[in-house]
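Participant: Residues annotated as transmembrane segment in TrEMBL: 95-112, 143-176, 459-488, 494-515, 616-632. Annotated domain 'Glycosyltransferase 2-like' per TrEMBL: 293-501, in sequence order.
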């Protein structure tokens, strides 16, 4: 087939026509086309040329802007506390990088010299350098390659086991959808006309310095559709900012004046983070009058019918201890980071939580957007401050005491995703170090508990070891250490199905609950491998109880809301700024109160900036070095994987993903 051709037919001195012919069929008849003047044709060419030059001029400007941004970021960078406390891993990766660079230089020199030492006898070696290189090859084949092969086989086995577990979870999710298996309300619903038939519900909103989101969370909780005399809202404020405390008190007073049964609590001794806050609130005398407690973090906005969709499930099922709702995200399309988080969390709720809830009646409590039977909390020992994952802690202890959980995939509560990589990294560190702390503490209790052997095996081998320990271990070790190492040790090269086929298939399974995110399949795979260094470091710190395992950093919020929420919030703020109402709500003079509220505007906020992340940057150069070595051997897929994975580490290390602060 000949390529496409264009025929220009001149009809008059100032007229011509364009006909495009595809193929080489000589029998094709040329049809007369609409005449185009030379002036129009010239403008058409100018337009195309303008677009080309615009793209060409935009590219260097974009590269220059990014280069200046990176240069400024490097100049202003400092070492974060987390980076400073994880120097051992950083030093290990840095030493590995230097060795790799040295090995790459050696391999390039041998490649340029066209040494084929497999065909050279010992007496044919010329020069000390060639002899050293041949000695290294012999040592590599006899000692290094077997060790690396053993390590890679071990990690591949773990990888296959974890992939099988994920595949089984997906099959369970398909079965649930096929059979329409959903938790059903047992018995009759509550009598709407008889308010006394509704159980007493306590709503808790723990918060700490949540300036951006406290108003919308309090408003959402205050609008829950439940009899006013059967509900109490506790705003549990652990903020250390006096001005913020006054603002939260003011918001609580506003809703109390509207008839909402709501109180404000502030601890004088703020120990134990969120667990200590909840434990203190549950110690109040009036709590004994309530049967259930709903918990919402400060950025969560439940729909008015939330309680009517969750609490009735407890009726007729005295063994039910927890009803967990799903999260939905107001800012999932804000940037690439939030899109990738949305993929992860959609799989977590749609597959992991739903399947475990349907077939095992157990899953990890998500810490918010759930309703507990207060008796289940009391029987399980209440909130404990021993780990940074108090939600998982209470869930495991309740499961050991025989309480059942259900997950409602159709009940969604609006919340926020971290928009900056710094906030997301700190959140992930806490989420992956805490389970290892808890595993150390709970293992004896699990072994000696009265639950069945199958439930014990599920807790130990699946819930803790496979999904909390093995996953970050093999992800980091296999794809960030062993894979680049095998580029310098060809005898231990990983097969294509390990680095390409199975990871892509598993990423496809992960993305199924969020099909609209399918274009982000490859970025998701690369980003998950990039996050493995953070998760591995957190897992190690939690397992061996290192200092960073006990850190609790409140995830930074931006206060994003839907349009309807913003309208309601604007209306409330206009009322709360009324000076007369402020004077009535506080015993001190209105002038003093207003002065305190205005002081916050005079405080110069801490200047935020994007950071550099050393471990990610060193790993980026390590992977790019390995990619250069694989290029010498013409590995193909290995080269492209290492190249793009290295570039992903570089982007993350320069903090170019997520929120950008100018």
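Keep in mind that glycine also has a Cβ here, set from the backbone N, Cα and C atoms.
Automated prediction, rather than curation, is the source of TrEMBL annotations.
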Participant: For the domain 'Glycosyltransferase 2-like' (293-501), what's the mean pLDDT in this predicted model?
Facilitator: 95
Participant: Please work out which recorded stretch in 143-176, 459-488, 494-515, 616-632 has the most C-beta pairs separated by under 8 angstroms from the transmembrane segment (95-112)?
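Facilitator: It is 616-632, which has the most Cβ pairs under 8 Å.
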Participant: Compare 143-176, 459-488, 494-515 by their Cβ pairs under 8 Å to the transmembrane segment (616-632) and return the stretch that comes out on top.
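Facilitator: Comparing 143-176, 459-488, 494-515: 459-488 has the most Cβ pairs near the transmembrane segment (616-632).
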Participant: How about long-range neighbours of the transmembrane segment (459-488): same chain, 6 or more residues beyond its ends, C-beta under 8 Å?
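Facilitator: Long-range Cβ neighbours of the transmembrane segment (459-488): 96, 100, 103-104, 107, 148, 151-152, 155-156, 158-159, 161-162, 165, 364, 396, 399, 432, 435-436, 438-439, 443, 446, 494, 498-499, 528-529, 532-533, 535-536, 538-539, 543, 619, 622-623, 625-627, 629-630, 633, 635, 638, 641-642, 645.
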